[in-house]
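Enquirer: My questions all concern the structure below.
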Amino acid sequence: MDTTGRLHHRKHATPVEDRSPTTPKASDALPLPLYLTNAVFFTLFFSVAYYLLHRWRDKIRNSTPLHIVTLSEIVAIVSLIASFIYLLGFFGIDFVQSFIARASHDVWDLEDTDPNYLIDEDHRLVTCPPANISTKTTIIAAPTKLPTSEPLIAPLVSEEDEMIVNSVVDGKIPSYSLESKLGDCKRAAAIRREALQRMTRRSLEGLPVEGFDYESILGQCCEMPVGYVQIPVGIAGPLLLNGREYSVPMATTEGCLVASTNRGCKAIYLSGGATSVLLKDGMTRAPVVRFASATRAAELKFFLEDPDNFDTLAVVFNKSSRFARLQGIKCSIAGKNLYIRFSCSTGDAMGMNMVSKGVQNVLEFLQSDFSDMDVIGISGNFCSDKKPAAVNWIEGRGKSVVCEAIIKEEVVKKVLKTNVASLVELNMLKNLAGSAVAGALGGFNAHAGNIVSAIFIATGQDPAQNVESSHCITMMEAVNDGKDLHISVTMPSIEVGTVGGGTQLASQSACLNLLGVKGANKESPGSNSRLLAAIVAGSVLAGELSLMSAIAAGQLVKSHMKYNRSSKDMSKAAS
């Protein structure tokens with residue numbers, strides 16, 4: 001038996017059985033299929049109604065009192081009442097209940113044959129039908145405090161595993177050493193998971209542990225795993241970019257984000273596609289060194305920025321990797337401290353490790369001529385990694401990309417449900433002036449971070465680098481005598497790679513393969529990562545176009561008034 005297979009089974013309190021009788025339904029009137037039952041009662045209702053009206057007309061003509069009825073008329077009246085009660089019970093009550101339940105789920109009635117779209121400021125776009133809402137009341141057992149002497153889940157299969165769990169709980173075996181001691185990553189994760197539950201008295205029942213290759217993350221992706229988190233992946237597209245179509249995978253838990261981006265992709269596709277240009281490709285790392293005086297720090301600055309010394313430094317730097325190629329060095333002084341920003345190409349890797357190795361080589365080389373140099377840190381935040389910084393916004397980091405498209409007037413009206421003038425005005429006041437009022441740094445856009453983070457998670461990028469990768473300025477202007485819309489996004493610091501890190505995981509590798517950028521491009525090193533950056537920019541272009549159109553169309557207030565999503569979520573949580 002699989003050792004970890006039983007780890008999912010917790011010891012539960014005996015549930016309270018719901019023995020309440022099933023509520024009878026109108027459709028139970030006849031032991032027939034529902035559509036036949038409905039047909040019978042529809043026919044009965046209209047036929048007896050016609051018969052009674054015909055009989056009463058004859059009585060009026062013959063001056064016969066209406067209250068005098070024959071046996072056939074009595075049967076007809078009873079049949080009319082019975083069929084009316086059935087139809088009211090089947091359609092009337094169910095209609096009212098479904099109408100109430102549907103009040104916060106209906107999609108907008110757009111004049112398009114494609115799925116309707118609903119977008120709000122949080123980029124939630126409703127396309128799915130409402131989930132069935134059960135009105136049946138169930139009794140839930142009150143949570144009981146777990147005894148400290150029993151495990152939260154069924155005991156492990158082998159006595160050896162039980163002993164290891166107890167040793168981890170008692171602190172005799174470090175949790176981080178399980179993989180090396182056991183030689184089985186999956187078994188180590190299961191034992192660590194059980195030990196964690198016993199130590200914290202908290203269940204991890206909803207966190208899956210089976211179905212994951214723990215060997216693939218050992219020593220490179222995650223330490224001390226106890227399971228993995230599931231995130232749904234949706235597909236937006238096709239995105240027509242530079243003459244090619246791409247189906248864009250987006251991993252997100254934000255409802256309607258994928259559908260919103262999909263609508264933008266549709267508008268771009270119907271307008272002839274988008275075009276992207278790579279402006280720069282270079283990862284950076286900036287160590288901080290200190291001298292006894294600012295004069296000495298300035299001497300190193302002049303040495304590093306002297307073009308005559310670049311080739312020598314490049315040879316030293318490039319020894320770190322066959323893909324690393326030093327592009328430039330920029331320095332900044334703060335007192336007697338010197339910040340040195342190295343920039344280099346990194347092939348298809350995102351390149352943080354690669355550039356760090358090159359920087360280390362150069363620092364060791366400089367020690368011969370600047371022995372008084374004190375290396376404070378390999379990173380001095382002049383890089384700047386995983387934080388908003390003007391240096392990335394101005395100089396760029398990773399891939400710098402600009403992507404543009406011209407959206408036709410009829411597409412703006414039919415697909416986006418707005419007009420060019422409104423979009424241009426909104427972009428000026430919201431993305432440009434509004435962001436300036438807010439003191440934004442690289443945030444001159446509507447929601448670039450939404451699309452960037454969703455693609456990053458799906459393709460195995462570093463989610464934390466969404467901070468600088470989402471730096472974007474969205475521009476819109478009317479062209480072709482004001483009929484069409486020119487839209488562009490300029491993103492100076494998209495940090496992506498197609499090898500290394502999370503890109504080698506099975507799910508993320510599959511998403512990269514879907515885009516045609518899996519792994520390294522042996523014929524043209526770096527082309528896969530550059531293409532991925534272009535796809536990210538194109539997807540951001542689609543997302544910006546769709547959300548801005550929804551805002552320009554004035555649908556935000558309508559969506560919040562009609563679809564009270566927060567109230568719906570609260571009611572679910574309360575139930």
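Including glycine, each Cβ sits where the backbone N, Cα and C put it.
Residues or ranges marked as region 'Disordered' in Swiss-Prot: 1-25. Under the heading compositional bias 'Basic residues', Swiss-Prot lists 1-13. The transmembrane segment annotation in Swiss-Prot covers 29-49, 73-93, 531-551. Positions annotated as region 'Linker' by Swiss-Prot, on the basis of similarity to another entry: 97-160. Per Swiss-Prot, the feature N-linked glycosylation site maps to Asn132, Asn318, Asn564. According to Swiss-Prot, the region 'Catalytic' annotation covers 161-575, on the basis of similarity to another entry. Marked as active site, charge relay system by Swiss-Prot on the basis of similarity to another entry: Glu254, Lys386, Asp462. Per Swiss-Prot, the feature active site, proton donor maps to His560; the stated evidence is sequence analysis.
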Enquirer: For Lys386 (active site, charge relay system) and Asp462 (active site, charge relay system), what Cα-Cα distance in Å is obtained after rounding to a whole number?
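Expert: Each residue's Cα considered, Lys386 (active site, charge relay system) and Asp462 (active site, charge relay system) end up 9 Å apart.
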Enquirer: Limited to the region 'Catalytic' (161-575), I'd like the whole-number average of pLDDT.
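Expert: Mean pLDDT for the region 'Catalytic' (161-575): 95.
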Enquirer: May I ask for the distance between Asp462 (active site, charge relay system) and Asn318 (N-linked glycosylation site), taken between their Cα atoms and rounded to an integer number of Å?
Expert: 24
Enquirer: May I ask for the distance between Asn318 (N-linked glycosylation site) and Glu254 (active site, charge relay system), taken between their Cα atoms and rounded to an integer number of Å?
Expert: 42
Enquirer: Give the helix, strand or coil assignment DSSP yields for Asn318 (N-linked glycosylation site).
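Expert: Going by the DSSP assignment, Asn318 (N-linked glycosylation site) falls within a helical segment, counted as helix.
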Enquirer: State which of the following active-site residues has the fewest other Cβ atoms within 10 Å around its Cβ: Glu254, Asp462.
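Expert: Output over active-site residues Glu254, Asp462: least Cβ neighbours within 10 Å is Glu254.
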Enquirer: Is it possible to get the count of other C-beta atoms within 10 angstroms of the C-beta of Lys386 (active site, charge relay system)?
Expert: 17
Enquirer: Three-state secondary structure of Lys386 (active site, charge relay system) from DSSP?
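Expert: Once the DSSP labels are grouped into three classes, Lys386 (active site, charge relay system) ends up as coil.
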Enquirer: Count the Cβ atoms, other than its own, that fall within 10 Å of the Cβ of Asn318 (N-linked glycosylation site), considering every protein chain shown.
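Expert: There are 16 such Cβ atoms around Asn318 (N-linked glycosylation site).
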